[in-house]
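Noted in TrEMBL for the protein shown:
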type     : residues                    : note
ACT_SITE : Ser75                       : active site, schiff-base intermediate with substrate
ACT_SITE : Cys89                       : active site, proton donor
ACT_SITE : Ser258                      : active site, proton acceptor
ACT_SITE : His282                      : active site, proton acceptor
BINDING  : Phe8, Glu74, Phe252, Glu286 : substrate binding site
MOD_RES  : Ser75                       : pyruvic acid (Ser)
Amino acid sequence: MLSASAPFEGPEKLLEVWFAPSPAHVPDANRPKNGKIGLRRVPRVVWEDMLAVVKCKVLSVIEGDETDAYLLSESSLFVFAHRIILKTCGTTLNLLGLPGILDIARDYASLPSVHQCFYSRKSFMFPERQLGPHREWKDEVAFLDAIFPRGAAYTVGKVNGDHWLLYITSPSGAVPPDIAEVSQPQDYTIEILMSDLSPEAREPFFFSASPSPRDDVPADQLPFILGQTLSTALQITEIFPPHLTTLDAYAFSPCGYSSNALLNWGEAGPERRRGEGYYTIHVTPEEGWSYASFECNVPLSSRPSSRKDIPDIETLVRRVVNIFRPARLSLTLFISSQHNNSTEEEGADTTVEVAQRAFKAALTSSSGGLETGSGDPTDSQRVYRRTDKINYEFGGYDLAFASFELR
């Protein structure tokens, strides 16, 4: 297998900045231009200038009804009318893009203040290789504290093992809390962060040679064609129903893979409302630091469902883990509190607690449907044991965190 010349940091830095509680709160909400409002009206070249500071570039973009999904040389950028999500891996300078993002929102979308900000990441494999404020968590926190007066930093999980770091600010005073509770749509994000992928799972992401040019295909389009072909072969295209999905995938040379997808999830969500969501996948396949991440913001049912369109959490986890077959993984569900607590008020378990049971059912049962991926009939069923289970209540958000490793 080919390899990069030096270790690559797969775990991403994830920055999410909200400038309003919902698209309806942006100044031009009732005056769309070419069907777009708020931050989605910012020209691509403006985002590219900001990303140059971060040390990454745009490979492609797909535009949906509510979201623009930029596939980057190091992960992804998602632009909504009222918020932006910047997810970057390697030694990118994610947080150095924040001042530019604030300027862009003010100058191009008349959004001069931040409603709420989130920054999170998994513990680094090679922290000594990071640059700027990303060398240590305390430096990242200090950078954010210098910008936001109401920030709080948390470490979730084992400090001397896999853990998850979060910085979160309190909502701005621009929108009264009682109004924000009513106005904000459900905010829901699930992440599956996988390390030590099996050799069988890693092998398809290596390419012994660059794709040969074809007369009818421009050379710069070949990585996208290979990415789409690989997505189909590995059943990445089947994680969600293909007829609901617009997929943008890229195969890196000599190895690696990234994809963004926009999902029209119809009325499959718990609140039976229409919506557009995303998922994103990034793969670093080299032995010694292999890593794959999956992130999705489509609200999923926490209980098994007979529906054949949008999977429930348990089914989703199995599908993703069957593709990458990690030896270790961490899962997070981050959800706005009013949607988590609504079940508790009805006398049922909270959404995060039900999600914890779904994580466990998907990964620890020998009859759970996980595949070995090996042709050896003596190869045992892939079964995990849970090493951490933590539920956390933040201001306005709740978290389910769990980590697992192969038995």
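Glycine too: its Cβ is placed from the backbone N, Cα and C atoms.
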### Message
Looking at the recorded positions listed here (Phe8, Ser75, Phe252, Ser258), whose Cα lies nearest to that of His282 (active site, proton acceptor)?
### Response
Ser258
### Message
If I take the Cα of Phe8 (substrate binding site) as reference, which of the active-site residues Ser75, Cys89, Ser258 has the closest Cα?
### Response
Cys89
### Task
Whole-number Å only: compute the distance from the Cα of Ser258 (active site, proton acceptor) to the Cα of Ser75 (active site, schiff-base intermediate with substrate).
7
### Query
In sequence order, what residues of the same chain, 6+ apart, have a Cβ less than 8 Å from the Cβ of Glu74 (substrate binding site)?
Lys55, Cys56, Thr88, Cys89, Gly90, Thr92
### Query
For the substrate site made of Phe8, Glu74, Phe252, Glu286, how many Å separate the two farthest Cα atoms?
16
### Task
State the count of C-beta atoms found within 10 angstroms of the C-beta of Ser258 (active site, proton acceptor), not counting that atom itself.
25
### Cα-to-Cα gap, the residue listed as 'active site, schiff-base intermediate with substrate' vs Phe252 (substrate binding site), nearest whole Å
12
### Message
Under 8 Å between C-beta atoms and at least six apart in sequence, can you list the same-chain neighbours of Phe252 (substrate binding site), or say none if there are none?
### Response
Pro223, Ser258
